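Just below is one structure, and these are the notes that go with it.
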Amino acid sequence: MASGAKLEASHPPKAANAAAPAKKVHYPFWFGGSASCFAAAVTHPLDLVKVRLQTRGPGAPSTMVGTFVHVFKNDGFFGLYSGLSAAILRQLTYSTTRFGIYEELKNHFTSPDSPPGLFTLIGMASASGFIGGMAGNPADVLNVRMQSDAALPPAQRRNYRNAIHGLVTMTRTEGPASLFRGVWPNSTRAVLMTTSQLASYDTFKRLCLENLGMSDNMGTHFTASFMAGFVATTVCSPVDVIKTRVMTASPAEGRSQSIVGLLRDITRKEGLAWAFRGWVPSFIRLGPHTIATFIFLEEHKKLYRLLKGL
């Protein structure tokens with residue numbers, strides 16, 4: 001009897017020693033869009049300055065600070081938030097789609113015990129980014145137009161009152177096809193953005209947790225999202241410039257010039273430096289936007305787990 005007890009004590013049941021398997025949590029589809037809306041509200045003035053620099057005409061300020069001062073002086077404080085409704089609409093369509101599909105693909109094809117590799121993440125991010133780019137294109141056209149409108153001569157301004165008014169006006173005056181102007185460069189940019197932002201964030205976060213011994217807290221989220229923002233800005237800069245030029249073109253310019261023609265024209269006039277025109281304001285905007293997006297997203301997830309008792 002004693003020997004049996006001794007044997008039982010020296011060989012406890014395996015279940016007692018086995019670590020509990022990691023539990024997969026299925027988060028709501030809309031979390032990425034919600035987090036991106038919060039981030040857009042915080043960083044919108046930086047996005048507006050980036051667009052103004054990319055589309056500036058002769059005599060317009062050529063620096064970020066100069067553009068800030070110019071907008072504030074001519075349009076007031078709320079001029080820095082011109083086009084905010086379109087920016088929010090864009091996040092509700094574009095970011096909800098790309099984040100949602102990306103997370104669904106991760107949930108379907110991976111498990112907590114077998115995290116996806118970099119190339120798997122890139123493939124999933126590319127697919128979700130392309131679909132998100134198409135879904136968000138109408139709002140993206142509006143966003144770019146509303147941000148750059150005040151920089152145009154009064155006779156050329158479109159004067160959209162808000163995102164809904166802009167959608168109705170564009171459809172009525174330019175036809176439904178105008179909502180998808182620049183859809184190919186925009187979808188290409190969305191692929192690059194989602195790949196360099198979401199896939200790199202997951203990769204940098206795993207590196208921080210597994211290789212650097214960091215805890216899963218806001219410091220880690222900040223570090224991983226900062227690096228993801230740097231990568232995303234550099235990768236997306238050339239396509240971002242092309243997208244902005246195409247979307248701000250007049251209907252006549254849009255019909256008469258192809259993407260190849262636009263590339264040839266701006267390279268001849270500006271040299272290859274056009275590819276990184278506005279990189280600094282792009283990073284100053286995209287860096288904080290990426291950081292804010294992922295921190296808001298992680299907080300969404302944290303609150304969800306708390307409410308669900310997970």
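Positions of Cβ are set from backbone N, Cα and C atoms, glycine also.
As the structure is a computational prediction, the values presented were derived from the model and not from experiment.
Looking at the stretches 144-164, 165-185, 186-206, the one that Swiss-Prot records under the feature transmembrane segment is 186-206. Segment contact is absent for the transmembrane segment (186-206) and the transmembrane segment (29-49), given fewer than three CB pairs below 8 angstroms at sequence separation of 6 or more.
Across the repeat 'Solcar 1' (23-108), DSSP helix (H, G, I), strand (E, B) and coil residues number 66 helix, 0 strand, 20 coil. Averaged over the repeat 'Solcar 3' (216-303), the predicted model reaches a pLDDT of 83.
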